[in-house]
Amino acid sequence: MSAIIIDGKARGLALRTDVAAGVADFVAAHGRAPGLTVVLVGQDPASAVYVRMKGAATREAGMVSGEHVLPSDTSEAALLALVAALNADPAVDGILVQLPLPRHIDTDRVLAAIDPAKDVDGFHPVNVGRLSAGLDALVPCTPAGCLLLITEALGDIAGKEALVIGRSNIVGKPMAALLLGQSATVTIAHSRTRDLAAHVGGAEIVVAAVGVPGLVKGEWIRPGACVIDVGTNRVTGADGKARLVGDVDFDSARTRAGWITPVPGGVGPMTIAGLLANTLKAARARASAA
Ligand SMILES: Nc1nc2c(c(=O)[nH]1)N[C@@H](CN(C=O)c1ccc(C(=O)N[C@@H](CCC(=O)O)C(=O)O)cc1)CN2
């Protein structure tokens, strides 16, 4: 079997086009564009790239992009003061604090300080709780994008065996909640899971989000499974060149899977498209609450 390669770049672009159309309607109705402000603390090179990509995509969708780049020794109090100012700014519909934050800052405290109505990352405890209770919520962008790719590939996933590898707050836990919301039978595997290969072998849907290059081997995969690779690991190849690889051994996995996402060009572009969709959703909700 040779898997269908899911084109996240094309799907992400289509979603961004839909968002841009929604933004144009929003501007016509409310006389202003939705605004997304991104906060970056420090100089992590990958984070700086993601923040630049988010700003460009925001502007391209017709929204107002704000950016605060703070030095790595910024105090937690200063960051909390900035978040409070953004919470109070009526032109800001979405606030995103780029992760990871420097170690001296308590990430949970900062995320909990964001107004849940502007929490376009979906990381605030209110949105986390609403998602796990099956209520309408701002949902974390990466797992929301994964769910779109999965349901577009498979259709109805009720009753399907789904395995999420990784239990992070950004991907693993919300991914499991979203799959459960679609009535899949969900297992979460993590670093203490025994016999990961056996769990992968039983799964019709595999979402790998652990940050271990090539962890999931092709021979583990159930023939025909839908394999979603969230890993974005920078490794140096035998040629000395750096490249991006996923958590799934793509070359062996594609010979057994029914569908598979590549890295790059799979889940990554869905993250940014999902962020724009969440910003429009937040703007609409705030406008109708005003
Ligand atoms: N506040 C947040 N911080 C982080 C999040 C997040 O959702 N919210 N996720 C990740 C990083 N991330 C967005 O911030 C992100 C990762 C990857 C991509 C992407 O498009 N990747 C491309 C490759 C790009 C490259 O060459 O580096 C791909 O996979 O095709 C976008 C966003 C951690 N932090």
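Placement of Cβ uses the backbone N, Cα and C atoms for every residue, glycine included.
Listed in TrEMBL for this protein:
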DOMAIN    6-121  domain 'Tetrahydrofolate dehydrogenase/cyclohydrolase catalytic'
DOMAIN    140-285  domain 'Tetrahydrofolate dehydrogenase/cyclohydrolase NAD(P)-binding'
BINDING   Gly166, Arg167, Ser168, Thr232  NADP(+) binding site
Those binding-site residues in Gly166, Arg167, Ser168, Thr232 whose CB falls under 6 A of ligand 1, listed in sequence order: Thr232
Same chain, 6+ residues apart, C-beta under 8 Å of the C-beta of Gly166 (NADP(+) binding site), given in sequence order: Gly172, Ile188, Ala189, His190, Val207, Ala208, Ala209, Val210, Gly211, Val230
Residues satisfying Cβ distance under 8 Å from Ser168 (NADP(+) binding site), sequence separation of at least 6: Ala209
For Thr232 (NADP(+) binding site): DSSP state (helix, strand, coil): coil
CB contacts for Thr232 (NADP(+) binding site) [other CB atoms within 10 A, all chains]: 20
